[in-house]
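Take a look at the structure below.
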Amino acid sequence: MSPQTETKASVGFKAGVKDYKLTYYTPDYETKDTDILAAFRVTPQPGVPPXXXXXXXXXESSTGTWTTVWTDGXTSLDRXXXXXXXXXXVPGEENQYIAYVAYPLDLFEEGSVTNMFTSIVGNVFGFKALRALRLEDLRIPPAYSKTFLGPPHGIQVERDKLNKYGRPLLGCTIKPKLGLSAKNYGRAVYECLRGGLDFTKDDENVNSQPFMRWRXXFLFCAEALYKAQAETGEIKGHYLNATAGTCEEMIKRAVFARELGVPIVMHDYLTGGFTANTSLAHYCRDNGLLLHIHRAMHAVIDRQKNHGXXFRVXXKALRMSGGDHIXXGTVVGKLEGDRESTLGFVDLLRDDYIEKDRSRGIFFTQDWVSMPGVIPVASGGIHVWHMPALTEIFGDDAVLQFGGGTLGHPWGNAPGAVANRVALEACVQARNEGRDLAVEGNEIIREASKWS
């Protein structure tokens, strides 16, 4: 082998493996308005320079492969390569970097969250050069978000359908989540709605098990719903879980729900998958059903601080795929979630335009243009004494879900529901009068409970 070839090989190739940095690390790249931008938290293996690790992430999630192939010459790679625009060290963390990657819009299929994720978080998370990798945030440009229909209805249309304004909505997950017969399940639904809640909810595990088949559950819940509506004069809903083993079965359940005339169905969007979720969202939009989204399995993806994908990414994807409600953490209950980043999720779900704010974990300014908002649902270990805090944290456009907080009431389900409704109305009224809920909250609830 001539010495000339040897030197050439050592520049660009090591045993056939490309030095990704040459093609993909472009610190002088100016991002375009149509690029999808990603912020990755990269933890390189010892000895791997950050720039190389960042470029590896960019390469594997776009056009790269481990060697040079002759078909590269048959296309214009520069047009379609993702570019790692910048890598900045994370303050206070050793060996962690935030890598910013820009993806040209042409890399993605329109209207497909599935394709977007397959590209951006597909193979790259198993990469040898990285000890850990976390997708912290995505900026979805209007040019791409406009190819999605988004939520079937959105916040305003939901309020109009339910005729409920000026306060958060109240929900309750029926417990025990598994084991009740359809008749007893329907009875619990009726008692909660009759007591004053707006919604009750199937737990995410309730699909169609031997002790309660889905059709039986749907029928008893619809009966409970109509009875409670007739007695209270308010519109009521029960999230009927349409999640099933196949897309066809799921749509069949949604059709049955529509035939019963109920207002809302539910889907587990991470276990069910984005493709199924988008299909169901389109069906709900066409047929006037609201769609509640449960995020079962999210902690598998977002719990690790240095690996996985942050929940704000999964939430943005849901807003594009379609859903009218999604559980977004509580700040005060039994599940993990700090106040600032939870409020960040909530704004990304509800607002039209969200400014970049690193203190809340928002890496990019996100402009949703006119895509409808998603109502965040606070659920998980909250009870009536959390009401002042919840009213203050979430504001009016939220659903507050008390499972054990309703059904665990010593006097029974209906009084539990009454307690929640009374506390909510008292807190909203006090807030509107300008009282400080953080200071006087418990006193306000005690006062209200005297007369209810």
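Every residue, even glycine, has its Cβ placed from backbone N, Cα and C.
Among the candidates X310, X315, X327, the one that Swiss-Prot lists alongside N123, T173, K177, R295, S379 as binding substrate is X327.
The binding-site residues listed here are N123, T173; among them, T173 has the most other Cβ atoms within 10 Å of its own Cβ.
Summary: among the binding-site residues (D203, E204), the fewest other C-beta atoms within 10 A of the C-beta are counted at D203. On the backbone, the CA of K177 (substrate binding site) and the CA of H294 (active site, proton acceptor) stand 14 Å apart. Of all the recorded positions listed (K175, K177, H294, S379), H294 sits in the most crowded Cβ setting, with the most other Cβ atoms within 10 Å. Listed in sequence order, the recorded positions near R295 (substrate binding site) (C-alpha within 10 Å of its C-alpha) are E204, out of K175, K201, D203, E204.
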